[in-house]
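**Student:** One structure, as structure tokens, below. Some questions next.
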């Protein structure tokens with residue numbers, strides 16, 4: 001049995017398969033998931049697991065070069081935006097409109113759906129390298 005890092009086998013496999021600049025998405029329960037993109041559905045009820053809890057676990061196990069968020073999060077969910085900025089200090093941040101954000105999700109290796117039910121609690125994580 002694995003002792004550290006991501007225990008979910010689907011998430012662990014996706015993280016292990018990422019190459020430089022590949023992307024994964026951590027999403028609230030309302031973000032549409034495009035056909036053809038791997039869906040890892042963790043949502044068990046509203047709020048569980050939370051977006052920030054899942055982000056923390058994934059970020060601890062992934063080299064992240066860049067973060068993309070919908071610019072609407074700034075005015076519509078400032079608390080989540082602030083927490084993301086506090087948790088992810090090193091990567092570059094990019095803000096795009098929500099429609100562009102949804103277009104970018106079509107290229108993701110996987111979308112991890114949480115139980116989060118607050119506006120624009122979604123992030124695209126761009127894989128970096130460990131060297």
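From the backbone N, Cα and C atoms, a Cβ is placed for every residue, glycine too.
Pulled from Swiss-Prot, these are the listed features:
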- 20: active site, proton donor (ACT_SITE)
- 28, 98, 120, 121, 122: substrate binding site (BINDING)
**Student:** Measuring CA to CA, name the entry from the binding-site residues 28, 98, 120, 121, 122 that ends up nearest the residue listed as 'active site, proton donor'.
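**Tutor:** For the residue listed as 'active site, proton donor', the spatially nearest of the binding-site residues is 122.
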**Student:** Other than its own, how many Cβ atoms are within 10 Å of the Cβ belonging to residue 121 (substrate binding site)?
**Tutor:** 28
**Student:** Including all protein chains displayed, how many Cβ atoms other than that of residue 122 (substrate binding site) lie within 10 Å of its Cβ?
**Tutor:** 27
**Student:** Determine, for the substrate site, the additional residues of the same chain whose CB lies within 8 Å of the mean position of the CB atoms of 28, 98, 120, 121, 122; present them in sequence order.
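**Tutor:** Other same-chain residues with Cβ inside the cutoff are 27, 30, 31, 69, 70, 72, 73, 77, 101, 118, 119.
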**Student:** Based on Cβ atoms within 10 Å, give me the single least packed residue among the recorded positions 20, 98.
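**Tutor:** Among the recorded positions 20, 98, the lowest count of other Cβ atoms within 10 Å belongs to 20.
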**Student:** Around the C-beta of residue 120 (substrate binding site), how many further C-beta atoms are within 10 angstroms, looking at every protein chain?
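**Tutor:** By my count, 21.
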**Student:** So if I draw a 10 Å sphere around the Cβ of residue 28 (substrate binding site), how many other Cβ atoms end up inside it?
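**Tutor:** Excluding its own Cβ, the number within 10 Å is 21.
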**Student:** How many angstrom lie between the most widely spaced Cα atoms of the substrate binders 28, 98, 120, 121, 122?
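**Tutor:** Of all Cα pairs among the recorded substrate binders, the widest measures 13 Å.
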**Student:** Under a three-state reduction of DSSP output, how is residue 120 (substrate binding site) classified: helix, strand, or coil?
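**Tutor:** In the DSSP reduction, residue 120 (substrate binding site) maps to coil.
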